[in-house]
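Read through the structure below, which is laid out as structure tokens, and then see the notes.
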Amino acid sequence: MSPTPEWVMVGGEGPESYKQHSSYQRDLLKAAKDKINAVISTNLSLNLISNRFSVADFGCASGPNTFVAVQNIIDAVEEKYLRETGQNPDDNIEFQVLFNDLSNNDFNTLFQGLPSGRRYYSAAIPGSFFDRVLPKHSIHIGVMNYAFQFTSKIPKGISDRNSPLWNRDMHCTGFNNKVKKAYLDQFSLDSKNILDARAEELVPEGLMLLLGSCLRDGIKMSETYRGIVLDLIGASLNDLAQQGVIEKDKVESFNITLYIAEEGELRQIIEENGKFTIEAFEDIIQPNGESLDPKILAVSLKSAFGGILSAHFGAEAMMKAFELVEAKAHQEFSRLQNAKPTMQYLIVLRKN
């Protein structure tokens, strides 16, 4: 059994790149802007705003969303500073923004897209956000945008046919309690490592912003839009195995390092960690919703999952898989349309 490759979004600026197909995440950031302004205004101590202010995006990927995320933060900090001091932040604060992702992330595309009118200095920080990537007490605000949902590895036994934890599906559907517990245990461990690392890197009373998706308590993953589309990918891979295009064993051993937690699970993990206080746990209304157009859906999924499928099954099989996904999305239109909603969240944590 081969290990699951590292998950990196499709780079470049082509029609199937993550840069061109990350509007859903970007819409969440735009919808959250006012709430980010409010929580920074309320929870960021003015004493932390010095002549150098550092912001880090952990899991920045290669698309433009990271620029929206950090600009939201900078705008909020500047607004607070101007309102409470009466001084022009341009004269007194230099912003430093650190973009973190795995070393094989497409940082070239990322930096080629830097906004021309930006008011910050920037640098890449390659490395896994499950560990420390920055010096102690070196940043004032950190942000993770749709990155807190990843796990560092597949839970033990999940990909082993001889294990009682063997998962026939490519993700945690929520219908197998043993599989769900294994994924939750792995997610809890990884989340602890993330929070511990960020607590070291943040200055005292610094803020950590988490944006992403979680399940409403009691909802199973495969009852939601995101779970259904993952099921479509899995069904397409099974079809290719039946056609002899890819090996059945490879399909049955393929799982992704993703766990969409329930709201209550997230709260419990953060509270038990003890390094942060939850200052806000907001439900963000996604203005445009999920795409129901089968072609757009398939291309969007390819931008996020194409890299990992190509590494596991080969580029040709990956292309065929997403052709099948588009066809299956037509067939499952009603199921997608009536999927149970997930919660899009903004969690604001203050370092204790």
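Using the three backbone atoms N, Cα and C, a Cβ is placed for every residue, glycine included.
Same-site candidate for Mg(2+) binding, as annotated by Swiss-Prot with Glu252, Phe254, Asn255, chosen from Asn162, Asn167, Asn352: Asn167. Cβ-based neighbour count (10 Å, all protein chains) for Glu252 (Mg(2+) binding site) stands at 20. Under the DSSP three-state reduction, Phe99 (S-adenosyl-L-methionine binding site) is assigned to strand.
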